[in-house]
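Notes follow the structure.
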């Protein structure tokens, strides 16, 4: 059970793998996903490692598969995902896979090349068909006398005078529709108005054979006179990427050509359909297996990457690897090695040897789908130091609770809970869909956090008795007005003469006792509602904050005990807990004392806690003004201040001085430079054991004391301790004030909710007519939208970030160093989930 509250115990192990069995053994280990390989060749270039050729072959196969996948997605063919986990192919199977992928790639490339050529021919014939159809209309217009007048500028005046026959040349083609205006202006300027342009739009968009996009085009015909203008026109057409086509001059020739073009288009369409059918069959066959192929290739690539991290012994028959692994999983790792050896057919077993090392192991916290999100919250602050207390189990409760204190609303909590329950119930379907939306994936990964935040918000909403800014009168109010008339001095004239009246709980029957659960609903209509709620929430925030911080300081004790650091207990934990309890723990006691010591009859004489707390630090106790809370208060408060002040030098001086004394004593005894040699004591080398007098243990008190490789610097130690002491003492004050954000955010949420109700939904409820009922439909839609957008999303995100800050800074800095590095075992699970690149 203790492993739940701190990271797993890790060990460094050495693997001896036979060359013929190494591939299968690594495959089994990565299928298990419990080992992290260390790079034993950090100085060797990646291109000079033993298995670099195999890695390149895997990358080439991966490239071919990505090409096939791109073609499949382009054809809108669904990729079949059965969730199958294929076995890793043997190295000898790589040749067959390469040949298969090469065949599919070449076939697809050949189909694409042929299809592109066919589509280009089809496009040209289609454009020619439209040219022949449109130009007939243009030539018919040429016979119009008005056109002759319009085009008379193409002839020189002296030529017209000679009565020479009108002989115009022309070119016809197709151009993108958006280029027509610029094309026309360019022709006019370059040819100085000596050309005549006619154009008509093609109604249907045409497919580009290269990109596959559909573009709108227009047919044009340009009339000119002379070879010089003809050359200019062709140059301009070439510059605007217009396609020119031959067009017969006589109607009969155009008709015959159009007939031939239509026949060729029909034949070409048939060939295109057959080509597309063949391409679809190839892609559909590939779509059934491409996910399995991807997994196989990437598993092989991962294995060869891992083998490149290993050393090769001088005989070239054995690979040596070093791995970090959890101690509890050593047996399963041994079984995996045995399975790998059997699959490879090797007769020599692989050897797993635990190593002794002074290196800090990686941090590994076991999680499940429920605790994974909370562990990510902790890890975002910093990966825990090896074997220190893990805050995640406590964060499971404290994080959603502090969020709910700021977000307390019964109605909003229900909406948040329903959304989280929907994600939890459909998690299998959502996971299988593999949604690529980054925002939704982030929200979905925190579904259990949102679920607990919603449930706790329902609870705190009932405590505050707040549901969409309105109170729920479940048990009936405990306050009554009648006794103010029957026993008190209220009359009808009192009601008429006063705009605001205050109930007196000291009169019997006015206050019937505490509300069974939460706050009495009568406060929702009271004019002093904010005064009462602010006082309640402010004191509650201080109480919760101090309890939270004291709990964090208490957790540091378990770290000191586990790492066997008595100095940190006596000169760290004890003065820290006394300092905080003497000042702020005493404040919590005063709050509870004032709540219980003063009732309705004596509440008007209750002194101010704020004034008392300030006077406590100033040692100021005036005779008049704020009355004492209890007898002997002055002496107790002076004693607590003195104790708190004594804790400062206790934290600051004692530990550095004791460390200095221990260093000088060891130096005097000469043990620090004892000439022994440290040798790792592995389980198979019992004879290689030379133990030094001052040998260190990873869990000993001396772990933080200077070793023979270090020089003790009293100045550095003193400065470090001074920084820690100042940070803790000032942090107690600032962190306590920081917890007032619980009150501030709760107040802001309640006020926003009330404003939204008053300014939106109240308008629809106020109109008593049929039109008001119809308007309420739209008003409620606006109210629901604003509630979700502002109060649930924006306010929820704000409360989430503030709760995050309270845990990272105010809570975790009391015991959590977070200077470790994460245990990152490579697992085939990441490949199956499509996270290989991560």
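Each Cβ is built from the backbone N, Cα and C atoms, and glycine gets one as well.
What Swiss-Prot records for 250, 360 is phosphothreonine. Taken from Swiss-Prot, the feature phosphotyrosine covers 364, and the record attributes it to similarity to another entry. Feature annotation from Swiss-Prot assigns topological domain 'Cytoplasmic' to 1-388, 427-441, 556-573, 660-725, 811-838; the stated evidence is sequence analysis. Annotated topological domain 'Vacuolar' per Swiss-Prot: 472-535, 595-639, 751-771, in sequence order. Under the heading transmembrane segment, Swiss-Prot lists 389-407, 410-426, 442-471, 536-555, 574-594, 640-659, 726-750, 772-810, citing sequence analysis as support.
Feature annotations (Swiss-Prot) mapped to structure.
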residue: 250; record: phosphothreonine; Cβ contacts under 8 Å, 6 or more apart: none
residue: 360; record: phosphothreonine; Cβ contacts under 8 Å, 6 or more apart: 385, 386, 820, 821
residue: 364; record: phosphotyrosine; Cβ contacts under 8 Å, 6 or more apart: 7, 8, 10, 326, 822, 823
In contact by Cβ distance (the transmembrane segment (536-555), the transmembrane segment (410-426); 3 or more pairs under 8 Å): no
In contact by Cβ distance (the transmembrane segment (640-659), the transmembrane segment (536-555); 3 or more pairs under 8 Å): no
In contact by Cβ distance (the transmembrane segment (772-810), the transmembrane segment (389-407); 3 or more pairs under 8 Å): yes
Averaged pLDDT, computed only over the residues in the topological domain 'Vacuolar' (751-771): 84
Residue numbers, six or more beyond the limits of the topological domain 'Cytoplasmic' (427-441), whose CB comes under 8 Å of its CB atoms: 81, 83, 369, 447, 834
Long-range neighbours of the transmembrane segment (442-471), counting only residues six or more past its ends (CB under 8 A): 369-370, 372-374, 376-377, 396-397, 399-401, 403-405, 407-421, 423-424, 427, 430, 435, 515, 517-521, 523-524, 533, 746, 750, 753-754, 756-757, 787, 796, 800
Sequence-remote partners of the topological domain 'Vacuolar' (595-639) [C-beta within less than 8 Å, at least six residues beyond its ends]: 504-506, 511, 586-587
Close approaches to the topological domain 'Vacuolar' (751-771) from elsewhere in its chain (Cβ under 8 angstroms; 6 or more beyond its ends): 409, 412, 466, 468-470, 779-780, 782-783, 786-787, 790-791, 795
Counts of helix, strand and coil residues, the topological domain 'Vacuolar' (472-535), according to DSSP: 23 helix, 2 strand, 39 coil
DSSP-derived helix, strand and coil totals, residue by residue, for the topological domain 'Cytoplasmic' (556-573): 15 helix, 0 strand, 3 coil
Residues in the topological domain 'Cytoplasmic' (427-441) grouped by DSSP into helix, strand and remaining coil: 11 helix, 0 strand, 4 coil
Per-state residue totals over the topological domain 'Vacuolar' (751-771) - DSSP helix, strand, coil: 18 helix, 0 strand, 3 coil
Secondary structure content of the topological domain 'Vacuolar' (595-639), with strand meaning DSSP E or B: 23 helix, 0 strand, 22 coil
